[in-house]
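Listed in Swiss-Prot:
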BINDING   35  heme c binding site
BINDING   86, 187  heme b 2 binding site
BINDING   100, 202  heme b 1 binding site
TRANSMEM  32-52  transmembrane segment
TRANSMEM  90-110  transmembrane segment
TRANSMEM  116-136  transmembrane segment
TRANSMEM  186-206  transmembrane segment
């Protein structure tokens, strides 16, 4: 086993990378509130794992979506647990994200030279809220249906572009299969991909610039 490790070490310098990661200086003023971003990331990873598991059973059609969710909750092995963890983690992720944004703002973490870190963080906050909006509709029950109808109808008040924007969100003039398909695609592919991209921008900047000093 050591020979295998030595082979990789010789080519990739794994130990040097590990030392750089584990030897980063942590300021003495850091406390539990500085862990909120990491907790948000942990919730996101739980969401990815449990969401991926549910895609094996969920059917994104207006006729089968609700029945497939019922199947997950009542018949699939540990389906009730996986979906429950997904829901609890979603609520926790939103809460931790809000607290994290407040902590960064109140401690001045958005100031120079961390403006771009703040911007990417705000984008991640918007993406987190978008996860909630799109995921809420996927069971396609009465609550989900009317939530989608209300949310997608909001842009209609915008002059000129309101109606085309509503049709773009819904996929047609009314809420239906096209809407569910779009929300499912957003929730399971587009939003996770964008979140991963902005996280890959967000974390290296934190790593490079370090944690902001105390007030």
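Every residue gets a Cβ built from N, Cα and C, even glycine.
Here the features listed in Swiss-Prot are placed on the structure.
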residue : record                : Cβ contacts under 8 Å, 6 or more apart
35      : heme c binding site   : none
86      : heme b 2 binding site : 46, 47, 50, 51, 54
100     : heme b 1 binding site : 36, 37, 39, 40, 121
187     : heme b 2 binding site : 131, 134, 135, 138
202     : heme b 1 binding site : 117, 120, 121, 124
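When each of 32-52, 90-110, 186-206 is scored by its Cβ pairs under 8 Å to the transmembrane segment (116-136), the top-ranked stretch turns out to be 186-206.
Mapped onto three states, the DSSP output places residue 100 (heme b 1 binding site) in helix.
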